[in-house]
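Taking it in order: structure first as structure tokens, then the write-up.
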Amino acid sequence: VTVALLFLGVLTPAGAASAAALPVVINTWAFRTAAETAWRVLELGGSELDAVERGCGQCEIDQCDGSVGYGGSPDESGETTLDAMIMDGNTMEVGAVADLRRVKNAIGVARKVIEYTKHTLLVGESASLFAVKMGFPYEDLTTQKSLSLYSEWLNQSCQPNYWKNVVPDSSKSCGPYKRREEVTYKEEQTSSQRSVHNHDTIGMVVIGVSGTVASGTSTNGAIHKLPGRVGDSPIAGAGSYADSTAGGAAATGDGDIMMRFLPSYQAVEYMRMGTDPTVACQKVISRIQKYAPKFFGAIICANTTGSYGAACNKIPGFTQFHFMVSNPLLSRPTEQVVDCI
């Protein structure tokens, strides 16, 4: 019955087909072509790092949901910038770029940081210059769609935005802003500001037949962010984490909140202690809930036996999380769904 359902393309609930098997590819959201691309790389004998790079890179090409790659999520100045990381769970090496400009293949550049430098993270204009040295072409990341999003935002008095404690009132008008002398502290209302359709990230974990783990992310960040803002995606342990002695994890959602808890690192550590991947994911979400009950976010987890799971925070408009899984027990990369907690 399960096989018949898979051929019909029906969603399988997380856990229904989660028996351990290697290799496994798991990625955030229903980004099917990314999953298919990564799986095909493994089938053709590519490495786990190759699969992560090509899978996330496919989303950059496809402009997945407008939240990955060029032409999406313009910042306050109307520019699209990219963040990405890739991690080798054997060597614990990480390559990452943030605030990358005028270069489309962000995760490709991140891979080159591992291969050709002793660094971990390159940012801004300098990251772009490094990319050019590595042979990546300069390309315009702006599209008619991103220009339209920016124009609409300006016409709506720059709402929503990420300023607080400034004058003029950032909830009613555009800047330029100046700091208010008296700073007020109140609970952040991020869930209402961030559309659940602004998915932010593709996160991917690939575990090979020998248990080798790699992970990666790619995103164009939060829409209407302040120029220079970097979220969780390119930060090791936040956006994703890979350790071939335990497993891998990747997060998606409100990076400004989630990165404070290093959720991907925490999930891998739970799995290292023997915690089931689904429970590990749930424990990470519960931990963040204590401080930010209204946050928008989800996480995927997989251990070195090929068992996997996911969890998400339940808020209005976001009660289930969809993700992709590929392994030998499935006839093809399959969309799965988990109820948020």
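Cβ coordinates come from backbone N, Cα and C, glycine included.
Copied from TrEMBL, the annotated features are:
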- 1-19: signal peptide (SIGNAL)
- THR201: active site, nucleophile (ACT_SITE)
- ARG229, VAL230, GLY231, ASP232, THR252, GLY253, ASP254, GLY255: substrate binding site (BINDING)
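Taking the features listed in TrEMBL, we show where each one sits on the structure.
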residue	record	CB count, 10 Å
THR201	active site, nucleophile	34
ARG229	substrate binding site	18
VAL230	substrate binding site	21
GLY231	substrate binding site	24
ASP232	substrate binding site	33
THR252	substrate binding site	30
GLY253	substrate binding site	31
ASP254	substrate binding site	25
GLY255	substrate binding site	27
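Across the fold, the C-alpha of VAL230 (substrate binding site) and the C-alpha of the residue listed as 'active site, nucleophile' stand 13 Å from each other.
For the pair ASP232 (substrate binding site) and THR201 (active site, nucleophile), the Cα-Cα distance reads 9 Å. The residue listed as 'active site, nucleophile' and THR252 (substrate binding site) are 6 Å apart (CA-CA, integer value). Here the C-alpha separation of THR201 (active site, nucleophile) and GLY255 (substrate binding site) works out to 9 Å. Whole-number maximum of the Cα to Cα distances across the substrate-binding residues ARG229, VAL230, GLY231, ASP232, THR252, GLY253, ASP254, GLY255: 16 angstrom.
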